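Below: the structure, in structure tokens.
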Amino acid sequence: MLKIILPTMMLMPLTWASKPNMIWINTTAYSLLISLISLTYLNQLSDNSQNFSMLFFTDSLSAPLLALTTWLLPLTLMASQFHLSKETLTRKKLYITMLILLQLFLIMTFSAMELILFYILFEATLMPTLVIITRWGNQTERLNAGLYFLFYTLVGSLPLLIALLHTQNNLGSLNFLMMQYWTQPLPNSWSSAFLWLACMMAFMVKMPLYGLHLWLPKAHVEAPIAGSMVLAAVLLKLGGYGMMRITTLLGPLTSSMAYPFMMLSLWGMIMTSSICLRQTDLKSLIAYSSVSHMALVIVAVLIQTPWSYMGATALMIAHGLTSSMLFCLANSNYERIHSRTMILARGLQTLLPLMAAWWLLASLTNLALPPTINLIGELFVVVATFSWSNTTIALTGTNIIITALYSLYMLITTQRGKYTDHVKSIKPSFTRENALMALHLLPLLLLSLNPKMILGPIY
Amino acid sequence: MSFPKYESSRLATQPATLDPAEYNVSPEARKAQAERLAIRSRLKREYLLHYNDPSRQGLIEDPALIRWTYARSANIYPNFRPTPKTSLLGALFGFGPLFFWFYVFKTDRDKKEKLIQEGKLDRTLSISY
């Protein structure tokens with residue numbers, strides 16, 4: 001694991017010491033190399049974990065997320081080049097340093113072997129993200145967005161700290177390897193209910209759960225492109241990953257305590273998908289679509305069946321790539337017309353046909369078209385919830401339909417029809433942008449050929 | 001042959017010169033029409049000036065559109081006031097469905113659990129759970 005962590009840490013001196021015209025090239029190239037190293041972890045040979053030290057390990061659950069995280073850093077760097085081009089050199093280097101710091105914390109979070117280490121790094125990821133959102137966002141609402149983001153997550157995760165410390169007192173160690181053997185079933189009492197709530201609320205806020213999702217549209221919309229990409233693709237998955245890890249401690253209580261959150265997620269899926277149909281702001285639409293997809297993951301993690309865990313893992317990876325790609329596409333629109341309103345940039349297919357192809361593919365993966373991994377994830381989760389209770393198919397089926405509706409609505413509004421008159425003078429697509437979309441889509445399509453590596457430890 | 005009198009459809013209005021009500025309009029209404037026409041032509045003139053401006057880069061800012069998107073996205077809560085009606089609507093449509101679905105799923109699952117405990121549910125071929 002040090003072979004990933006140390007190079008990522010050294011990317012920071014690299015940015016500060018590079019010549020001004022080489023900062024982007026150096027960081028993008030070296031971060032791509034680091035991501036190639038992390039791809040080796042995808043070769044999980046058994047259902048045990050690969051333990052590197054007492055602190056770090058990779059599992060078939062954390063390896064795909066790790067690969068996603070490291071893959072995303074070069075992509076975020078490529079996406080940020082344009083909007084930072086007018087900043088001073090120091091600010092550019094600061095921005096890149098924030099991204100690298102965030103990447104470092106994320107890598108360590110996904111490979112942490114101990115829950116307290118995981119918690120510390122989980123909180124640490126908030127700081128670079130907050131700086132990125134509040135300093136480099138575009139509108140004045142970014143301050144409010146940063147506030148919501150920070151305090152929702154902090155308030156949710158403070159009980160988690162207390163719960164983890166209490167559990168460590170009881171069990172002696174929170175190391176993942178030993179947790180599997182030492183956990184006892186939680187007794188049926190009020191204090192276990194509070195323990196369950198304390199453990200889960202942090203991740204519920206992060207995912208986000210429907211009732212606690214207010215920070216997400218604000219943070220995603222106000223963040224600059226790299227912030228949106230990392231938020232949507234990786235930080236949300238921290239919640240899912242944390243939930244899957246911590247439910248090992250929470251015994252048989254989950255089957256009864258999970259009901260309110262299941263209801264919130266199942267109903268919230270439909271609510272947020274429906275809100276997507278009424279959005280005028282493009283980034284806001286993609287943000288609400290993230291809430292909807294993550295609600296499926298919450299449902300999957302709470303019912304705790306083999307198929308649902310496989311679906312949750314696949315859905316997390318698939319959604320990470322798809323959502324990040326959609327934000328990049330929205331950003332390519334924003335850089336040209338400086339407005340996020342969807343109806344202002346219509347009919348782009350006539351003007352930018354290659355970008356229209358990427359829009360089409362991103363929308364198709366967002367609506368879970370077979371044989372992409374999005375479909376595999378969603379299908380596994382839907383089938384598992386059907387076996388949990390037959391009536392859920394009404395809700396999940398409606399959600400799939402509405403997802404298709406708003407994905408196609410977004411596609412048709414931005415691509416089809418007659419272009420708006422003032423859009424004729426936009427810049428053509430840069431090679432950098434096309435490369436960005438291709439690099440997002442390539443793992444997505446390749447994983448459709450071999451999805452077993454993202455199906456998690458249950459496969 | 002006498003044809004029935006022409007009636008315009010709801011969405012396709014008659015031109016003003018064919019509408020008999022046009023000829024009996026009061027002077028105040030005429031003044032209002034003239035004011036509206038003045039506003040419209042000023043806006044159209046501004047739009048055309050922006051549209052044909054050779055040094056324009058990018059889109060024409062429409063303050064009405066900006067205000068509309070702001071009102072739709074970022075200005076909702078400052079204009080919200082909790083009244084009995086909004087509280088009732090919020091409780092009904094916000095919490096109501098949650099309790100409804102909780103009731104639905106709890107009864108369904110308890111029924112299934114009872115069948116399983118009695119051994120009556122056939123789960124021999126269930127592999128996708």
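Each Cβ is built from the backbone N, Cα and C atoms, and glycine gets one as well.
The feature domain 'NADH:ubiquinone oxidoreductase chain 4 N-terminal' is assigned by TrEMBL to A:1-109.
Among the features that TrEMBL reports, domain 'NADH:quinone oxidoreductase/Mrp antiporter transmembrane' is placed at A:112-401.
If you look up TrEMBL, you'll see A:1-17 marked as signal peptide. For the signal peptide (A:1-17), same-chain residues at least 6 beyond its ends with a Cβ under 8 Å from one of its own Cβ atoms are 23, 26-27, 30-31, 33-34, 37-38, 52-53, 55-58, 66, 70, 73, 93, 96-97, 100-101, 103-104, 107-108, 111.
Residues or ranges marked as transmembrane segment by TrEMBL: A:21-41 (among others).
Per TrEMBL, transmembrane segment is recorded for A:61-82 (among others).
Positions annotated as transmembrane segment by TrEMBL: A:145-166 (among others).
Annotation source TrEMBL lists transmembrane segment at A:186-205 (among others).
Same-chain residues lying 6 or more positions outside the transmembrane segment (A:225-244) and placing a CB less than 8 Å from one of its CB atoms are 61-62, 65, 68-69, 72, 75-77, 79-80, 83, 95, 99, 102, 106, 109-110, 118, 122, 125, 129, 132-133, 136-137, 200, 202-208, 219, 283, 286-287, 290, 294, 297-298, 301, 309, 312-313, 316, 319-321, 323-324, 327-328, 331. What TrEMBL lists as transmembrane segment is A:225-244 (among others).
Summarising the annotation, TrEMBL assigns transmembrane segment to A:256-277 (among others).
What TrEMBL records for A:284-303 (among others) is transmembrane segment. Within the chain, the transmembrane segment (A:284-303) has long-range Cβ neighbours (under 8 A, six or more residues past its boundaries) at 204, 207-210, 213, 216-217, 220-221, 232, 236, 239-240, 243-244, 247, 254, 258, 261-262, 265-266, 268-269, 272-273, 275-276, 309, 311-312, 315-316, 319, 323, 326-327, 330, 340, 342, 366, 377-378, 380-381, 384-385, 388, 392, 396, 399, 403, 406-407, 410.
Beyond the ends of the transmembrane segment (A:309-330), by six or more residues, the same chain brings 61, 64-65, 68, 72, 75, 79, 220, 225, 228-229, 232-234, 236-237, 240-241, 244, 282-283, 286, 289-290, 293-294, 296-297, 300-301, 340, 355, 358-359, 362-363, 365-366, 372-374, 376-384, 433, 436-437, 440-441, 443-444, 447, 451, 454-459 to within a C-beta distance below 8 angstroms of the stretch. According to TrEMBL, the feature transmembrane segment maps to A:309-330 (among others).
Residues 289, 314, 317-318, 321-323, 325-326, 329, 332, 379, 400, 403-404, 407-408, 410-411, 414-415, 419, 423-424, 426, 428-429, 433-434, 437-438, 440-441, 444-445, 447-448, 451, 454 of the same chain lie 6+ residues outside the transmembrane segment (A:351-373) yet bring a C-beta within less than 8 angstroms of a C-beta in it. Here TrEMBL flags A:351-373 (among others) as transmembrane segment.
For A:393-414 (among others), the entry in TrEMBL reads transmembrane segment.
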